[in-house]
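> Swiss-Prot lists these features:
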{"type": "ACT_SITE", "residues": "H196", "note": "active site, pros-phosphohistidine intermediate"}
{"type": "BINDING", "residues": "K90, F138, R166, T172, R183, N193", "note": "ATP binding site"}
{"type": "TRANSIT", "residues": "1-64", "note": "transit peptide"}
Amino acid sequence: MEAMAVFSGSNLFATSSLLLTTNSKTRYSQLRTTQNLSAFSSKSHLFSPSSTSSSYPKTFRTRSSTESGIFLPRLITSLEQVDQAYIMVKPDGVQRGLVGEIISRFEKKGFKLTGLKLFQCSKELAEEHYKHLNQKSFFPKLIEYITSGPVVSMAWEGVGVVPSARKLIGATDPLQAEPGTIRGDFAVQTGRNIIHGSDSPENGEREIALWFKEGELCEWTPVQEPWLRE
């Protein structure tokens, strides 16, 4: 026991010195590791200007002429003419429950609905709408048909809405209308051809002004608009 105590005592100072040296190296290694892990300030962000080394000069990137050309199609698209079309579901289309189907086809095409109402058309309004046909032998029968029940008046808006609407609707004579068109799919006779659509942008504006009063149209922006055109 005494021998062991003497041996331990003789080496006590050396052992203590070794432990102190080892602990110092460990703390120094931990300190360097912590400093390396803390390269970014706690208040900084990897993508913020403060995270950029001050030894590198800051530069500002300007758009080149070749890059600006990418946006030219968008500029052209923004200048495209947005037209209006008046679409009316006639009494037979309303009675047959085709209003939803017709609206769906125009919506799926990407056009914007700005006016919609269901009402009973008066004789005076029908005669004004079809005044270009007042010399035709079928005119009285046409007026009787349009006023025989409620109609659904719609105002649609979009680039090329008038010619596109005519294609969606189909030929006046349902027997000549292509399959896939509204008249081609749902009508069989000219006297019951379900739907009316403006035949020109000018008539579209005129008919909308005739069938809708001031304040009845709604101006809005569909969320799908950026996905319709470049």
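Using the three backbone atoms N, Cα and C, a Cβ is placed for every residue, glycine included.
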> For T172, N193, listed as binding-site residues, tell me which one has the smallest number of other Cβ atoms within 10 Å.
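Candidates: the binding-site residues T172, N193. Fewest Cβ atoms within 10 Å: T172.
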> Fewest other Cβ atoms within 10 Å: which of the recorded positions K90, R166, R183, H196 wins that one? Let me know.
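Ranked by other Cβ atoms within 10 Å, the recorded positions K90, R166, R183, H196 bottom out at R166.
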> Just checking the binding-site residues K90, F138, T172: which sit within 10 A of the residue listed as 'active site, pros-phosphohistidine intermediate', CA to CA?
K90, T172
> How many neighbouring Cβ atoms, not counting its own, are there within 10 Å of the Cβ of F138 (ATP binding site)?
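That number is 11.
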